[in-house]
Amino acid sequence: MVKVAVTGALGRMGSGIIQKILETEGLNVVAAIDIPNHPKKGHDIGELIGIGKLGVNLSTSDELESVLKSSGAEVLVDFTAPAPCVNTAKIASKCGVNLVIGTTGFTKEQKDEMEKAIFENKVAATISQNYAVGVNIFFKTLELLAQKLGEYDIEIVEMHHKFKKDAPSGTALRAAEIIQENLNRNSNLIYGREGITGERTKEEICIHALRGGDVVGDHTVIFANDGERLELSHKASSRQSFIAGVILAIKFVGTKKEGIFNTFDVLGLN
């Protein structure tokens, strides 16, 4: 039985992950954590998310170290925000707790700081911009398309709900990274266009970020050439696609002693 702690426990992803863990054989929720001074601190997390009493009370991140130690958590799942996630990763690593990180929007410095803590404390972590199985097949397909259609004009379009705080999405940025890694030419990443931009250069890869409504996550990469256009799309209709991948990552990282992994490792795509 893998003992799991979840931060951002009352968020959209956190509450969904808790519910899915409880439905999954071999996994158990032992701690649920949210922001400091949360008014619901001490209340049963199951009752707070509407699934009935679980016997696990909501804790807050300012007491994370003691909660991890007292609960015996083996894996911590974090879908929060960059700054608190870095702090959480440092504390969890110090406590010998493995990590599943789905937070996006890190600066290079934040990511380096987090990875340093993971390596220094010799724990295991999966870090991914998107845990959906379909998205990772999308990523794998992009490798081939970039290799074969590298001379085409490439544009990336993503759309998310109006509450998303970072732009472009981590998934769109990862798609751009994969394309750049597999192109046989120089490339230049830009974000949207405005004004008199002049003709499009061959080196441009442009990301367009759209926000509105309750869109869970749409991503399309366009390869355009004279006379034809190829579009590769992934559209998420619910967060269950992400949550299913998180469960696979929890099981995967629960068997590892140390190292940083991604969803290609989890799914055997490397």
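Even glycines carry a Cβ here, placed using N, Cα and C.
Among the candidates Asp34, Asp153, the residue that Swiss-Prot names alongside Gly8, Ala9, Leu10, Gly11, Arg12, Met13, Gly102, Thr103, Thr104, Ser128, Gln129, Asn130, Tyr131 for the NAD(+) site is Asp34. A straight line from the CA of Gly8 (NAD(+) binding site) to the CA of His160 (active site, proton donor/acceptor) spans 20 Å. Counting every protein chain shown, 24 other Cβ atoms lie within 10 Å of the Cβ of Thr171 ((S)-2,3,4,5-tetrahydrodipicolinate binding site).
It is 11 Å from the Cα atom of Gly170 ((S)-2,3,4,5-tetrahydrodipicolinate binding site) to that of His160 (active site, proton donor/acceptor). Across the structure, Lys164 (active site, proton donor) and Arg12 (NAD(+) binding site) are spaced 11 Å apart at their Cα atoms. For the pair Asp34 (NAD(+) binding site) and Thr171 ((S)-2,3,4,5-tetrahydrodipicolinate binding site), the Cα-Cα distance reads 25 Å.
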